[in-house]
Amino acid sequence: MTSSLSIPTPNSTDSDASHSSHSLLQPTRSQLLSPEREVEVEVEVEVDGEEKVTWFVWLLVGAAAIGGLLFGYDTGVISGALVSIAGDLGPAELSAFQKELITSSTTLGALLGGLAAGIISDYTGRKPVLFLANITFISGALGQSLSHTLSGMVGSRFLVGLGVGLAACIVPLYIGELAPTRLRGRLVTVNVIAITFGQVVAYAIGAAFEQVPGGWRWMVGLGAVPAGVQLACLSFLPESPRILIRNDNLPDARRVLRSIYAQATDAQVDKMLQNMCASVHESVALSKQDTLFEKLKSMSTVPERRRALIVACGLQAFQQLCGFNTLMYYSASLFKAVGFDQPTAVGLIIAGTNFLFTLVALKWIDRVGRRRIMLLSSPWMVLGLVLAAVSFYFMTKSTGGYLDPNAQYSKTWSALVLFSMIIYVAAYATGLGNVPWQQGELFSLEVRGLGSSLATATNWSANLLIGATYLSLLEAITTAGTFGLYAGLCALGVVFVYLCYPETAGLSLEEVRTVFARGFGVRESRMLGREKRERREREGLGI
């Protein structure tokens, strides 16, 4: 792609940069959305040391990923809190409906927060949304710890959900825009590691306070600590280079790129900035011609965007409809019912498995590829769920198919349930727990925030459906039937990935958008990735 944009040198003044940012010819709407334009591929700039992560990148990714820790801590801590609240909120014991209400209020807040986050960030930038997420989460965490009524707890959980939803949408989007192309998947996975680590911390704290009177208040209140840490870090985090370019702040954008690609030459950084400017200003030109309603409409009428949205939303729905978060929300209750004496501690095994295998994904997601790692891991999820359903079927034969907390179940079947859950969670953490959060890379800049919001909202909508119906499903179709249903939905997800999800590993954000130009791009993405690898090999051999 050619451009008349002149890039400021390191000695350029701010006024020079501002002037240069407007020298790009603005294409028309019809040109931008034409099929010819869609298949035009931005040539990625190969830079020295791109495969190495600098300390600057690790620090900013680590600080941003605290938002993921908030997400994980909250989803993990409620499991232990629900078995410890007892009569502290009024009722002598929480009913199944009241537990679902407490759990689902957070998910509803996260749904609304996730839907708003990307849309807001397209106008304000990424950092202000992170600031709002932390303030909201701190307020909700402290509100929970001070609640003495069911309504107060539900309201505070809703606030926490808003903060979680804002962070869950923006953090992977922000990291994806800052990360070097070849390491983007790995660095976004750092956020998922933070989520799973937050769940481990939550279960550990839950186990520590399980026997302490009113200990659940400490469990939920301590969630304000990481939010406060990230709030303090925000002043040191840079804005996304693409947002800085959009705001005509080329000197700062260049400085951020210089810090990310520390081993690149000045010429390489300038060329990268030039290509990025060309793409950003195309997006700005199109964005200025569209209202929010027109953007929303374009997500269904523009084929490239529609396909990207189907893939992003489909993966996020798959992540939740497989039933994973029932383990996060209700694992302590489940393991207590099957006969384990320390259910929260057993839940820690599940959270620990999730964390460890997310580290596996960190190592392999860019090397193996997003699509391939999904196709390798997801069938094991189906196997784990089927094994769990079979185990529950034989375990609960004596109690009519339903889990009875007062019954004495076979330790063999209880152990097999735990084993099946470990298989399921290990497979989930390796693929499905990570890949959907790469969603930001599927959309072009002008709708990246909006697309991420819609995909994140899909995640929380499915989460709400699962969290609000799990206990009711146990009563309606038995425990074995519930896990059998999740196995069937998981199998459908595997088919969706095979048919619709292209490989995006190794492609720049500007290249990914071209994959959906003629279809879902499964074959095209493989060809583009192969061509890039061959080009690198030729250049490495000096051919």
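Just so you know, glycine gets a Cβ as well, placed from its N, Cα and C.
Given the structure is predicted, the values throughout are model-derived calculations rather than measurements.
As given in TrEMBL:
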- 1-11: compositional bias 'Polar residues' (COMPBIAS)
- 1-33: region 'Disordered' (REGION)
- 12-23: compositional bias 'Low complexity' (COMPBIAS)
- 24-33: compositional bias 'Polar residues' (COMPBIAS)
- 55-73: transmembrane segment (TRANSMEM)
- 60-505: domain 'Major facilitator superfamily (MFS) profile' (DOMAIN)
- 101-121: transmembrane segment (TRANSMEM)
- 128-146: transmembrane segment (TRANSMEM)
- 158-175: transmembrane segment (TRANSMEM)
- 187-209: transmembrane segment (TRANSMEM)
- 215-237: transmembrane segment (TRANSMEM)
- 308-332: transmembrane segment (TRANSMEM)
- 344-362: transmembrane segment (TRANSMEM)
- 374-395: transmembrane segment (TRANSMEM)
- 415-437: transmembrane segment (TRANSMEM)
- 449-471: transmembrane segment (TRANSMEM)
- 483-501: transmembrane segment (TRANSMEM)
* Structure fact -> Mean per-residue pLDDT in the domain 'Major facilitator superfamily (MFS) profile' (60-505) works out to 87
* Structure fact -> Taking the transmembrane segment (344-362) as reference, the highest number of CB pairs under 8 angstroms among 55-73, 101-121, 215-237, 415-437 goes to 415-437
* Near the transmembrane segment (374-395), which residues from the same chain, at least 6 beyond its ends, have a CB less than 8 A from one of its CBs? -> 322-323, 338, 368, 401, 403, 409-410, 413-414, 416-417, 419-428, 430-432, 435, 478-481, 483-484, 486-487, 490-491, 493-494, 497-498, 501
* Go through the chain and flag residues at least 6 beyond the ends of the transmembrane segment (55-73) whose CB is under 8 A from any CB in it; none is fine as an answer. => 130, 133-134, 137, 163-164, 167-168, 170-171, 174-175, 178-180, 187, 190-202, 223, 226-227, 229-230, 233, 236-238, 259-260, 262
* Look at every Cβ pair spanning the transmembrane segment (215-237) and the transmembrane segment (187-209), keep those 6 or more apart in sequence, and say whether at least 3 of them are under 8 Å. => yes
* To do: State the non-local partners of the transmembrane segment (415-437) in its own chain: residues 6+ outside its ends, Cβ under 8 Å from one of its Cβ atoms.
  => 172, 188-189, 191-192, 195-196, 312, 315-316, 318-319, 322, 324, 327, 335, 338, 346, 349-350, 353-358, 360-361, 364-365, 370, 373-374, 376-381, 383-385, 387-388, 391-392, 395, 455, 459, 493
* Stretch in 128-146, 187-209, 308-332, 449-471 most in contact with the transmembrane segment (101-121), if contact is a CB pair under 8 A -> 449-471
